[in-house]
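Working notes, beginning with the structure itself.
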Amino acid sequence: MATKTYNAGVKEYRSTYWEPHYTPKDTDILACFKITPQPGVDREEVAAAVAAESSTGTWTTVWTDLLTDLDYYKGRAYRIEDVPGDDTCFYAFVAYPIDLFEEGSVVNVLTSLVGNVFGFKALRALRSEDVRFPIAYVKTCGGPPHGIQVERDIMNKYGRPLLGCTIKPKLGLSGKNYGRAVYECLRGGLDFTKDDENVNSQPFMRWPQRFDFEQEAIEKAHGETGERKVHYLNVTAPTPGEMYKRAEYAKELGAPIIMHDYLTGGLCANTGLANWCRDNGMLLHIHRAMHAELDRNPHHGIHFRVLTKVLRLSGRDHLHSGTVVGKLEGDRASTLGWIDIMRDTFIKEDRSRGIFFDQDFGSMPGVMPVASGGIHVWHMPALVNIFGDDSVLQFGGGTVGHPWGNAPGATANRVELEACVKARNEGIAVEKEGKAVLTEAANDSPELKIAMETWKEIKFEFDTVDKLDIAHK
């Protein structure tokens, strides 16, 4: 007759994974989840279930728990808070011991923290609101290949935001016509142009031809203007091997920066590419295509501030951040919060901006936020005020949509940028006095004057879907 050697069966998660008196360690990875439980499910039980299913637990007791120090390795739900203005959900705070995760692998961290637990039947919805990475874990990650200061030195441009443009139409141009569009934008006054996120290697424009014509445009514009000019060459590809092949070719051409779609391309590929860029002296621009599928639902998914932290650890020198004023989602307070996460060494907990934990990045370089998406000349004063100097302001349609063409569109943006920076430096409240600043600058710039007339009625005044919970109070 078999002898029962351990307490088999199913027991409540809270008996093992709910520890309200636990004090998180400096080395713990901390997570804040917004949990919407199924009707009738107890808060403490479902918080403990999230801690269990995202760490060591499963649905039943297993005898192999006796072969390890479960109390050391388990995640612990240690605090529950109400969500302001929403009684259908609550915040649960979970602490994970650092040894649960492979060093330097945000892939491994996300596999646990936002893995199978998001499909748990006891939950109607689950959202990762914030994560605190301890400095002990941060130090195991490569981070940005170079960072803000190195990019400034490469570009030899200081004291203002960098100015860019996404080439439009994003799809359908031949390589030669694409290169022509790049040249016109750069000679008109832009610092950067870029491939759009879905420009890879399609039948109408294969990547080698695009790279060749882009580099020709860069060199011609540089020769004419005497300024350093750059284009982000998108190396996103079907396989890692093909991605590195394109990156190597960009390097051979002399391009200083390449681009990657980090979510569709994958975090494993992104970390590898960041390491390659560090070793080869290349800057890395990151597009966030697919992010809104993950982060826009206020009750389920992964908040963009979490994706921002993860990508800073994985590695990039630029990241698209939204604009506040353009066509894409993102309120001012939240956007300022994740801009700080990109650039600052230490970010203090600040619920008014959606930041739930202190975050220390130590000596890890900062990252340039990229404002892009539906912006034009009338937005410049607000963008200069919101983003400051260490940023890239990227006007796609707001450059190539100019009635006189790409070069005049670029000139209009360069004139207004310099006018706004000058006004700010003179102590003028540039966002408040923006109309006067632009009107004065337009007196000496017909390109700016016609741009202001063209887009004077264009606004994107839609309510934000993913509001800060503090705003509901």
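Using N, Cα and C of the backbone, Cβ positions are placed for all residues, glycine too.
Taken straight from Swiss-Prot:
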| type | residues | note |
| --- | --- | --- |
| ACT_SITE | Lys168 | active site, proton acceptor |
| ACT_SITE | His287 | active site, proton acceptor |
| BINDING | Asn116, Thr166, Lys170, Arg288, His320, Ser372 | substrate binding site |
| BINDING | Lys194, Asp196, Glu197 | Mg(2+) binding site |
| MOD_RES | Lys194 | N6-carboxylysine |
| SITE | Lys327 | site 'Transition state stabilizer' |
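For the recorded positions Lys170, His287, His320, the greatest number of Cβ atoms within 10 Å around a candidate Cβ is found at His287. Surrounding the centroid of the Cβ atoms of Lys194, Asp196, Glu197, where the record places Mg(2+), the chain contributes additional residues within 8 Å, namely Thr166, Ile167, Lys170, Asp195, Asn198, Val199, Tyr232, Asn234, Met259, His287. Per the record's binding annotation for substrate, residues Asn116, Thr166, Lys170, Arg288, His320, Ser372 show a top Cα-Cα distance of 37 Å. Note: Thr166 (substrate binding site) has non-local neighbours Thr193, Lys194, Asp195, Asp196, Ser372, Gln394, Gly396, i.e. same-chain residues 6+ apart with C-beta under 8 A of its own C-beta. Considering only the binding-site residues Asn116, Lys170, His320, the residue whose Cα is spatially closest to the Cα of His287 (active site, proton acceptor) is His320. Most buried of the recorded positions Lys168, Lys194, Arg288, judged by other Cβ atoms within 10 Å, is Lys194. Note: the CA-CA distance between Lys170 (substrate binding site) and Glu197 (Mg(2+) binding site) rounds to 8 Å.
Here Glu197 (Mg(2+) binding site) is compared against the recorded positions Lys168, Arg288, His320, and the shortest C-alpha distance is to Arg288. For Asn116 (substrate binding site), the same-chain residues that are 6 or more apart in sequence and have a Cβ closer than 8 Å to its Cβ are Glu53. The distance from the Cα of Arg288 (substrate binding site) to the Cα of Lys168 (active site, proton acceptor) comes to 18 Å. The 10 Å shell around the Cβ of Glu197 (Mg(2+) binding site) contains 21 further Cβ atoms across the protein chains shown. Mapped onto three states, the DSSP output places Lys194 (Mg(2+) binding site) in strand.
Taking only the Cα positions, the spacing between His320 (substrate binding site) and Lys168 (active site, proton acceptor) is 17 angstrom. Neighbours of Asp196 (Mg(2+) binding site), defined as other CB atoms within 10 A of its CB across all chains, total 19.
The 10 Å shell around the Cβ of Ser372 (substrate binding site) contains 25 further Cβ atoms across the protein chains shown.
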